[in-house]
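Below: one structure, written as structure tokens.
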Protein chains: 2
Amino acid sequence: MKVVKFGGSSLSSGEQLEKVLKIVLSDSARKIVVVSAPGKRYSDDIKVTDLLISLAQCHLTGENADELFQTVVERYKGIAEELQLSDQIIETIKEDLENLLKADKSRPDRFIDAIKASGEDNNAKLIAAYFQHQGVDAQYVNPKDAGLFVSDEPGHAQVLPESYEQLYKLRERDGILIFPGFFGYTKGGDVLTFSRSGSDITGSILANGIKADLYENFTDVDAVYSVNPNIVENPREIKELTYREMRELSYAGFSVFHDEALIPAFRAGIPVNIKNTNNPSAPGTRVVNERENSNGPVIGIASDKGFCSIYISKYLMNREIGFGRKLLEILEDYGLSYEHIPSGIDDVTLILRQGQIDSETEKQILSQIKHDLNADEVRVEHNLSLIMVVGEGMRHNVGTTARAAKALADTGVNIEMINQGSSEVSMMFGIKEVDETRAVQALYHEFFVPVTV
Amino acid sequence: MKVVKFGGSSLSSGEQLEKVLKIVLSDSARKIVVVSAPGKRYSDDIKVTDLLISLAQCHLTGENADELFQTVVERYKGIAEELQLSDQIIETIKEDLENLLKADKSRPDRFIDAIKASGEDNNAKLIAAYFQHQGVDAQYVNPKDAGLFVSDEPGHAQVLPESYEQLYKLRERDGILIFPGFFGYTKGGDVLTFSRSGSDITGSILANGIKADLYENFTDVDAVYSVNPNIVENPREIKELTYREMRELSYAGFSVFHDEALIPAFRAGIPVNIKNTNNPSAPGTRVVNERENSNGPVIGIASDKGFCSIYISKYLMNREIGFGRKLLEILEDYGLSYEHIPSGIDDVTLILRQGQIDSETEKQILSQIKHDLNADEVRVEHNLSLIMVVGEGMRHNVGTTARAAKALADTGVNIEMINQGSSEVSMMFGIKEVDETRAVQALYHEFFVPVTV
């Protein structure tokens, strides 16, 4: 039994849904189909989820949103008409959306979450109608009905462990089950969404729930690439990688897969296959528990920009037990997360995403650090990039660090920071943003094939 | 005007003191002579300071310590007799020690500090007596009289800033001033010592106080070596290094110079020259504010063993703002300091000196981390060594990291951890203790001359 998930771009039009139907029918093991909301039809298009967020916000502020409402309905309508479905499904969707917009607005985050989630929910209903229209035994399944319960955390709810036992019973239902991604229900009956791109998470949860043999994630690329195709043309595709490698790569900028999504599948040991809706016969990328280390120590290189470093020095800092803790407390007071905190004898550096802080807040933080911790010097450097070199077995492959460092040196990139020693499957370099492209190309060249520039 | 400090080995016998006198007299700028307690006469000998600590402890517990007392007095007596001084100085020393041992015992740490400090104090009196005996215009100076006041922290007192103004007046005194190292007085009149080997600190404070042209630190090696001579035979001597480089090297295991000692001299921009009492014409090693980067990026390699790493992983750790802070709070509760804390996405590693924790405490800490922080996995690895590769300008010398990593890789040493990015003059590697010698030799070979094994 397989769980198959389709992303927005795979569901953006009637033409795409025809491909989806073909794919689902071509393998009788494909039991549960998890769907996102309709995605972009062309690059300047707006995702339905974004339209719904705007719609919800307009209703909260009391602005007129009739046009926005129509636009949303039109998106479904366009697809339905392309597939020659009856008006019934559009009426159902329209009514559902109207009811949601009339609902209680006293808790705005829940109001918004329910409307966001309707994108997936109504698309699942539409797709079930389409499958039925084509004579396929298919049913829309509501997450509450299936038992997908989540924690009470609007915007980033977590699945509750007891859901899995309930979800297992989906195996007993007949036919193909069309399941909306992205949301679940609290015990109190509220709709809450997972983090953005949470349909990946839904698929993972269902795969674990029904103890699937495979979780297939259909998107719009042939595979996960070893490096960002915007930096290196035609990069090598990754045939197989482990969960840990996928998570490290996702974290640092790969956007194929939402990085938390894998965990439920990982915990149940269910392999994942990333495939292309537009090229379903391509093998795609498999994500597994363990793999053979046959292709060298490095599986992929990810990078992300927009970091800053705050350098703090204080005479005899290393004698002051509690200094590090007090520093982190200041960060916590501002609600900030940090990537890494290289420590010296009399100095320490914080590496953070600079987007968390506007320039006014930055002044306050620097001032507070200097004052509360009695630092001798506090200075900030902006516009750093972090590069993650990822691969199982890198840790025991003596020489990978040297090769990476040499590749960077040879291309004239200065290494501002190295973070190695916690993760067993990755090594992190901090460099100036302006050097990022050159650095990633040099690393790719070192560990994969010559760069095609 | 110069401040000259002599360490214990330079003052262990009459023969040594004769060399000291010659050195002081050979340069009329040598105004203040800072002295330690008499050191070891041969390798199995016991330092006078250690004898005094035992003596003090015996008196606190009420044990008979007559023999120990005699042994201490004998050390001074032996030197005095060698130099044919009259008995007067030994009587003075004996009486002083007797008075100290009879003093108030209600605050044991101060009782011990005063007796520890008497090692230096009485040696200064003895040396002044010797110089006078040789017809030199020389005076013993008491720190209280000179205005060397310290903070009220037994065992690791800090000089109070207002002392410097007072100490400047020493310039006006005639003749050579013999000043005992290692201690000062609290405002309340208690004798308190600096950290161990604190005579280096006294010299540094006096050099700053009198705004000396040079602070000469006489010890028993020709120079600071670029690497531990126990690991590499005949290592290259360092001719000149900066204060920052010295501090980084001292921290990680070089024992030539007490690492905090330099700061007062550093703050006043006073250069330091490390020389050998037994070979005073050798140029020694100069420690300066800035130096020319003429000899390559690396000035020295220090290493230390006895570290452990605690690896902690938790699903979605990076989402949990405050996790790092809570972890450091646990360390703080146990009074532990850490060297470095490499951070991953879902994991973090603490690098600590394992000597801080006995195995029972270790169990408690691991358990508390697992429990309080709800970690998925907590495990410890012992017997790691840290290697510091040090050098100004290393940061801007693209390629140094690569060379270091390659040297380690080529000799088959796996890098467990890299800490680079805070200090601007050093790079830290974590490796297994068993690899330390091979690793340091390889790094020396890479950055200096071929290893003579």
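Each Cβ is built from the backbone N, Cα and C atoms, and glycine gets one as well.
Features reported for this protein in TrEMBL:
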- A:K5, A:F6, A:G7, A:G8, A:T219, A:D220, A:Y225: ATP binding site (BINDING)
- A:T49, A:E120: substrate binding site (BINDING)
- A:389-453: domain 'ACT' (DOMAIN)
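Feature map: annotations from TrEMBL on the structure.
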residue : record                 : Cβ neighbours (10 Å)
A:K5    : ATP binding site       : 28
A:F6    : ATP binding site       : 28
A:G7    : ATP binding site       : 24
A:G8    : ATP binding site       : 24
A:T49   : substrate binding site : 23
A:E120  : substrate binding site : 29
A:T219  : ATP binding site       : 24
A:D220  : ATP binding site       : 16
A:Y225  : ATP binding site       : 20
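In this structure, the CA atom of A:E120 (substrate binding site) is 9 Å away from the CA atom of A:G8 (ATP binding site).
The two recorded residues A:D220 (ATP binding site) and A:T49 (substrate binding site) have their Cα atoms spaced 18 Å from each other. Spacing of A:G8 (ATP binding site) relative to A:T49 (substrate binding site) is 10 Å (Cα to Cα, whole number).
A:G7 (ATP binding site) carries neither a helix nor a strand DSSP state and counts as coil. A:F6 (ATP binding site) sits 15 Å from A:T49 (substrate binding site), taking the C-alpha atoms as the reference points.
As a whole number, the greatest separation of Cα atoms within the ATP-binding residue list A:K5, A:F6, A:G7, A:G8, A:T219, A:D220, A:Y225 is 20 Å.
Looking at A:T49 (substrate binding site) and A:G7 (ATP binding site), their Cα atoms lie 12 Å from each other. As a summary of secondary structure, the domain 'ACT' (A:389-453) carries 26 helix, 13 strand, 26 coil according to DSSP.
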